[in-house]
Amino acid sequence: MQILLANPRGFCAGVDRAISIVERALEIYGAPIYVRHEVVHNRYVVNDLRERGAIFIEEISEVPDNAILIFSAHGVSQAIRQEARSRNLTMLFDATCPLVTKVHMEVARASRKGKEAILIGHAGHPEVEGTMGQYNNPEGGMYLVESPDDVWKLKVKDEDNLCFMTQTTLSVDDTSEVIDALNKRFPKIIGPRKDDICYATTNRQEAARELAERADVVFVVGSKNSSNSNRLAELAQRAGKPSYLIDSAEDIDEIWVSHANIVGVTAGASAPDILVQQVLARLKAFGAEEVIELSGREENIVFEVPKELRLDYKVVE
């Protein structure tokens, strides 16, 4: 049995930055550090940070006075940001991915101009809630669509004054279909100058597609609440290959690979490499003899943490 390893896979720049913010806050200020929502959607990462003193909350009211609070990588609404700023907090750090912030700015700009905005995204996802929460113009409107059917059913105030944005972790193929429907339904709608789906999501989907073409079965390392990990598993399934979204190596049943000659392995953008290595070890225990890493797009993007958390930061008195 041979293992093919997708490339790129695992942590993206936004996830790496968010985790680093929590880790450095713990190092500098000590526990407890409060984090609004899971900083990234990965059970291993969240449990590790929790053991080190991070406390994950959903409501700002759960944070005591004089505490340190961090917003997760998914971003928050303007209302939550204002609520946090009104509290007596020692420090407030924003771990929102800069590429999510870019979409927030697009929505805020539309709100200021009075344009109605349509977001392509999954209802209930924290990134979607945060992005929708950037719009506050009562004269306009903010709408959420998930599918072409949603587009055809949508009613807006002014079809000539529309723009759209997308969640950053969507399926590239599915989103393209929704955008096509938007352009047909609303010919004058304006989209972003550059696709809102982030580079990491796009690259990992391209790598997963190649993996699915060559493997007999595909494993995606990632948690069930991870949007981008789910999209990778769906992509492999659409290619006609059995695919499994797994939190850890222990999730793998040997029967899943009993008839496979080639096993594909990839990981969502919030899954650490240690989990991938554990999966490889388990597959080797099941008889895998060779691991081949596929070629793929090189990623060298780095997002800096806030200056107060940088190792070279000095307080000016």
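Note: Cβ is positioned from N, Cα and C throughout, glycine not excepted.
Worth saying up front: this structure is predicted, and the values here are computed from it rather than measured.
Ser270 is the only one of Ser147, Ser258, Ser270 that Swiss-Prot places in the isopentenyl diphosphate site (with His41, His74, His125, Ser226, Ser227, Asn228). Cβ atoms within 8 Å of the centroid of the Cβ atoms of His41, His74, His125, Thr168, Ser226, Ser227, Asn228, Ser270 (the (2E)-4-hydroxy-3-methylbut-2-enyl diphosphate site) belong to the same-chain residues Val40, Glu127, Thr169, Asn225, Ser229, Gly268, Ala269, site residues excluded. When the recorded positions Cys12, Cys97, Glu127, Cys198 are ranked by how far their Cα is from the Cα of Ser227 ((2E)-4-hydroxy-3-methylbut-2-enyl diphosphate binding site), Glu127 comes first.
The record assigns His41, His74, His125, Ser226, Ser227, Asn228, Ser270 to the isopentenyl diphosphate binding site, and the maximum Cα to Cα distance across that set is 15 Å. Of all the binding-site residues listed here (His41, His74, His125), the one with the fewest other CB atoms within 10 A of its own CB is His125. The record gives Cys12, Cys97, Cys198 for [4Fe-4S] cluster. Within 8 Å of the mean position of their Cβ atoms, the other Cβ atoms in that chain belong to Ala13, Gly14, Val15, Ala73, Pro98, Leu99, Val100, Thr168, Thr169, Tyr199, Ala200, Thr201, Ala269. Of all the recorded positions listed here (Cys12, Glu127, Cys198), Cys12 has the Cα closest to the Cα of Ser270 ((2E)-4-hydroxy-3-methylbut-2-enyl diphosphate binding site). Local packing around the Cβ, expressed as the count of other Cβ atoms within 10 angstroms, is greatest for Ser270 among the binding-site residues Ser226, Ser270.
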